[in-house]
């Protein structure tokens, strides 16, 4: 059952198209008089207890099936070659089936910066087992309540999640990242997570892979909930009061380096990509995808140069305009 579900997730993730993307409602103000040479632009950033050379990473997607194994190997090769973080999909399938090797990418990619993922429904003992078996540089702990509720076989008991989060924060020996799955993390959740000791979150807003859409495609029910949650940029705007206390990672509908820059302008430490990279490895050879991802680094530098930003931190000084739904919501927030 798990294998079929994981393959369905891949299939439906690739087929869905979003008519709205909140990044399109942000315009950055160009600077006509440059201050820096292109080779002075520094893309490095810091989060989860370490310095990273580049402010983007391949976010959690898949595992738990033969198709998932194939995709994870491709993604690991891309990430290792490009020197970026790669986070596997939820390790729960391997916890249920010890023979599942679809997450085992480190042996063939020894220099890979590897993260892995587990659901908050799992007690900390399983999180510790995951870390022991995968040896990741960080552990994403995902919260996916709407997805669980829409899954016929999904979780129905949630009272333990907060105590689990407290346990993860205290006992997991590597940095943890509390991660949404495309519904947009709200500010109250960030506040509660902070009280439990969490210092890094992935807001993961609506606009990319929708697990509401995926589960409704599987069950044929409740498609009126396909657009549930906050868009990625809206979630990031909502989290502004927390950006000096909590490291904000952003994912959900990120398509290109310009979208990445817009996230960084609003205080993100780094940006995760899932479906964009999945589409690439399913369309092109691994070598071609490596070339595309390396090109993103060059594009980030040239955009930063045109905005007079030598560092990622400088981007938070960039002026911008908001339009449409994003402007309306932001105006409401200012009045509240």
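Including glycine, each Cβ sits where the backbone N, Cα and C put it.
Cross-referencing 31, 32, 90 against the FMN binding annotation in Swiss-Prot, which names 60, 61, 62, 117, 179, 204, 209, 253, 254, 255, 274, 275, picks out 90. Of all the binding-site residues listed here (62, 148, 204, 275), it is 148 whose C-beta has the fewest other C-beta atoms within 10 angstroms. For the binding-site residues listed here (117, 147), the lowest count of other CB atoms within 10 A around the CB belongs to 147.
Taking every pair among 60, 61, 62, 90, 117, 179, 204, 209, 253, 254, 255, 274, 275, the residues listed as contacting FMN, the largest Cα to Cα separation comes to 23 Å.
Cβ neighbours within 10 Å of residue 253 (FMN binding site), excluding its own Cβ and spanning all shown chains: 27.
Spacing of residue 147 (substrate binding site) relative to residue 204 (FMN binding site) is 14 Å (Cα to Cα, whole number).
In the three-state DSSP classification, residue 275 (FMN binding site) falls within a helix.
Annotated pair residue 60 (FMN binding site) and residue 148 (Mg(2+) binding site), C-alpha to C-alpha distance, rounded: 17 Å.
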